[in-house]
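Written below as structure tokens is the structure these notes are about.
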Amino acid sequence: MTYGEREQDVRSDDFRYVQIANALALLLALLSFMVTVALYLIFGWVLSVPLALGSGLFFLGMVAMNRFGQHRLGRIGISLFVPLYALLVSILVKQGEAYVEEPEYFDTRLIILSASLLPVLLFRYQEWRMWAAGLAISFAILLGYDVVHDWFGVGYYQTGHTASNYAFARALFPITYLLLTGSFLYYKRQLEKAEGVLHQNNLELADLYKEIQSQNEEIQAQAEDLAQSQNKLQEAYQQISQHNTALTNENTLLYQHLREQNTILESSNAELHKRLDELEQFSYTLSHNLRGPVASLLGLTALFDVQQGEPVNPELVQHIKTTAQRLDDVIQDLAKVLQMREGNKPFEEVDLPQLVNHVLLALQDAGEDQDATIDLDLNVTSVYCIKSYLHSILYNLISNALKYCDPLRPSKVAVHARQEGQELLLEVADNGIGIDLERHGRQLFKMYHRFSVRREGRGLGLYLARVQAEAMEGHIEVQSEVGKGTSFQIWLPLRRPE
């Protein structure tokens, strides 16, 4: 880092241009001081000496300005100082001379023409206001060169020159200016585009290098483990070689023992399958046999006259209702899981818009709409699927989107459907509180896992959605960011599975 900039004070994408500005300012200051000394030694104390000295001090001032954080002002100062100072020096020198030679009207023009590249060098292409202002001022100085000299009485014709081709010669400078700056701007734009691509590639290479480094570390660790295993294996092999005869007899006995254990294991597996079948039948019977008493309990609590009971009676009745309803929900969840395990649901052609409307009506009847804005964009009208499964998937996902809304902003839910190749993509997206996938991603679609204690739920909806999607030869994906929202994508085959 050169003197005049502090990296923590400069944006990363401007840091290089501040370095260029400081290096250029120091170089110009050095040249100015060298010219000052040379002029003084050759001509003595003439007007050019303080002018050259002043330019050197100015460039040092620009470096100091960058040092104190005025990076943009320092760069525009360098860009504008050279053409303005060249014009000023040209006028002052001509006023102090008895006879002005003809080349003196072109040398400062060349300096101004060369200075036209400074704004392009010192600013990024995206800072177009800065370099455009610098180019415009330099171009104006170049166009008004003769006008300003005429104002101060040192114009080309005022000093006695009469060359007929002067008008043509001076016209070449603006044309050259436009060609030069245009070409350089085009080159700079292409260069910065290439640098952007290169920067992106470098980032990707850095990530790839980190990944390779991590893999190398894993390979090295595995190699060390393998070496240790090989050492142990060699020791074991030596022991086996020493006791080969004894081990042969032991292997025979072990083989006989293994056959006995296999027989026992097969018997245990058969008994385990029997127990699992009995457990599944028990769960099926339990879910069906409990529905009746729970329904009766709910009906009795509905008929209970809370006005004629004890003072605590309404609270107890409401508690009984809530508990019975939760028990009924658990039994229904158990029944859904058992029905999916039976695997005998038929595929049929389903009217997708009609099914989505039925889901929204069901949510509205359940009081879960919460005045949310629901956007429907269904570009696919029909799909082969298990109707009850797709209804359950959409119900659970839209219900979750409404349930886990952000109370600080209006709730929005989008339901989109479109064809992607030979598959249907159903997307349910919301602007709710979002899910921390790094923390909960592996547990997201497992049974009875909840991720927010601020909302009621049993932790079964996403599990059912995943299992039901897989039962229809599809799958489900999720994208989410905490505080911004969640998007679930359900992929289903458009054609009827064989």
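Glycine is no exception: its Cβ is also placed from the backbone N, Cα and C atoms.
If you check TrEMBL, you get these features:
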- 20-43: transmembrane segment (TRANSMEM)
- 49-66: transmembrane segment (TRANSMEM)
- 73-93: transmembrane segment (TRANSMEM)
- 105-123: transmembrane segment (TRANSMEM)
- 130-148: transmembrane segment (TRANSMEM)
- 168-187: transmembrane segment (TRANSMEM)
- 198-246: coiled coil (COILED)
- 285-496: domain 'Histidine kinase' (DOMAIN)
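Contact between the transmembrane segment (105-123) and the transmembrane segment (20-43) is supported by 3 or more Cβ pairs under 8 Å, counting only residues 6 or more apart in sequence. This prediction places the mean pLDDT of the coiled coil (198-246) at 85. Within the chain, the transmembrane segment (20-43) has long-range Cβ neighbours (under 8 A, six or more residues past its boundaries) at 2-5, 49, 52-53, 55-57, 59-60, 62-63, 66, 71, 74-75, 78, 82, 118, 121-122. Only residues 6 or more beyond the boundaries of the transmembrane segment (49-66), in the same chain, are considered here, and those with a CB under 8 A from a CB of the stretch are 3-5, 18, 21-22, 25-26, 28-33, 35-36, 39-40, 43, 73-75, 77-78, 81, 85, 88-89, 92.
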